[in-house]
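Trainee: Once you've had a glance at the structure underneath, I'll fire off some questions.
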Amino acid sequence: MASSSSAPRAAAVVAGVLVVMAALCLHGATAQLCEEYYDDTCPNAYDTVKQVLIDAHDSDTRIFASLIRLHFHDCFVQGCDGSLLLDTVPGMQSEKESPPNNASARGFEVVDAAKAALEAACPGVVSCADILAIAAEISVELSGGPSWGVLLGRLDGKTSDFNGSLDLPAPTDNLTVLQQKFSNLSLNDVDLVALSGGHTFGRVQCQFVTDRLYNFSGTNMPDPTLDSAYRAFLSQRCPRNGNGSVLNDLDPTTPDTFDNNYYTNIEVNRGILNSDQELKSSPQAQGTTAPIVDQFASSQDAFFASFAQSMINMGNIRPLTDPSVGEVRTNCRRVNGR
């Protein structure tokens, strides 16, 4: 049910993995995530979320990239527990309001719509954290990218960690910082490069680009690694002291398609964010992330395979499965009983 492709399932059958997974896919404090989690309790969960996303995309072509970002930002702060979706209440400031998310994280209304549709069909069954995981896979596939078997069974957390959001990977981070942030969550260099490939579509505000254009690392000069023609183009869109909310394509070549052009852009010094270009141009990248960038630039199949696996790896960051700690929220914006 959870996968939109039969290929991962078929491979698992050959390997005998599904037998093990079925035994582990249990409810309770020791439960494990699995693709079949909702097969009996909400068999149409995947298709229900997919239809909501298709409808949303009709009026908002940016929504697929936005939903992937929500899943990423959720998982990187206290695990994939839907904490990003909670609104601020007395005594708890939401992750939504932290600098990495405020005025840039979007798609919450679409998550609300998916939750409402699922509550109508299967009340109290599908968690908000799992909705984010399903929506991310659907968003990638509908944009031309790979599909994968989404592991499910997460519960929703009851707290939101504003301060934890301050440690999210940032567009200004250098490679050393990025590698440490990923390593802290048991993600390696392949995961770092593959998940950064989520920037192959979507938009970014000028405020995250201007330092590279005018004051790179406090030098009052542009980033020397940025292609000069691309820098001139971006400078027109993002003038010094201009409107920081102006949007730019993360991938100017195919801005709404999930493909490997993100990496071919980096190869010619056209990564729009410092954190993107660092994967190739940083001295520390040689022998670590740069060869992975080269591989993905030359083989979209290699990128797709690694991205799918890395999304599964990310989705396994501290999943909340203990019902004494987590819950299935009826409204993704607040814990039950509020």
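Positions of Cβ are set from backbone N, Cα and C atoms, glycine also.
So TrEMBL lists these for the protein:
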ACT_SITE  His73  active site, proton acceptor
BINDING   Asp74, Val77, Gly79, Asp81, Ser83, Glu95  Ca(2+) 1 binding site
BINDING   Pro169  substrate binding site
BINDING   His199  heme b binding site
BINDING   Thr200, Asp251, Thr254, Asp259  Ca(2+) 2 binding site
DOMAIN    32-336  domain 'Plant heme peroxidase family profile'
SITE      Arg69  site 'Transition state stabilizer'
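Give me the structural setting of these features: burial, nearby parts and distances.
Mentor: Reduced to three states, the DSSP call for His73 (active site, proton acceptor) is helix. Cβ neighbour count for His73 (active site, proton acceptor) (all protein chains, 10 Å cutoff from its Cβ): 22.
In sequence order, Gly157, Ile317, Arg318, Pro319, Leu320 are the residues near Gly79 (Ca(2+) 1 binding site), counting only same-chain partners six or more apart with C-beta under 8 A.
Non-local contacts of Pro169 (substrate binding site) by the CB criterion (under 8 A, 6+ apart in sequence, same chain) comprise Phe76, Leu178, Lys181, Phe182, Ser275. Mapped onto three states, the DSSP output places Pro169 (substrate binding site) in coil.
Close to His199 (heme b binding site) in the fold, though at least 6 residues off in sequence, lie Leu250, Asp251, Tyr262, Ile272, Leu273, Asp276, each with a CB less than 8 Å from its CB.
In the structure as shown, the Cβ atom of Asp251 (Ca(2+) 2 binding site) sits within 10 Å of 27 other Cβ atoms.
As a whole-number mean, the pLDDT of the domain 'Plant heme peroxidase family profile' (32-336) in this prediction is 97.
Its Cβ placed at the centre, Arg69 (site 'Transition state stabilizer') has 22 other Cβ atoms within 10 Å.
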Trainee: Tell me the Cβ contacts of Asp74 (Ca(2+) 1 binding site) under 8 Å, same chain only and six or more apart in sequence, or just say none.
Mentor: Cys80, Asp81, Gly82, Ser83, Leu84, Leu85, Ala129, Leu132
Trainee: Where's the emptiest Cβ shell within 10 Å among the binding-site residues Ser83, Thr200, Thr254?
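Mentor: So among Ser83, Thr200, Thr254, the binding-site residues given, the one with the fewest Cβ atoms within 10 Å is Thr254.
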Trainee: Taking Cα atoms as reference points, rank the binding-site residues Glu95, Thr200, Thr254, Asp259 by distance from His73 (active site, proton acceptor) and give the first.
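Mentor: That would be Glu95, the closest of Glu95, Thr200, Thr254, Asp259 to His73 (active site, proton acceptor).
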Trainee: Sequence gap of 6 or more, Cβ distance under 8 Å: name the residues on the same chain that satisfy this around Val77 (Ca(2+) 1 binding site), in order along the sequence.
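Mentor: Val77 (Ca(2+) 1 binding site) has long-range Cβ partners Ser83, Leu84, Glu95, Asp161, Gly164, Ser165, Asp167, Leu168.
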Trainee: In whole Å, note down how far the CA of Arg69 (site 'Transition state stabilizer') lies from the CA of Asp259 (Ca(2+) 2 binding site).
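Mentor: Cα of Asp259 (Ca(2+) 2 binding site) to Cα of Arg69 (site 'Transition state stabilizer') measures 16 Å after rounding.
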Trainee: With the Ca(2+) 2 site defined by Thr200, Asp251, Thr254, Asp259, which remaining residues of that chain have Cβ atoms positioned within 8 Å of the Cβ centroid?
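Mentor: Other same-chain residues near the Ca(2+) 2 site: Phe201, Thr253, Pro255, Thr257, Phe258, Asn260, Asn261, Tyr262.
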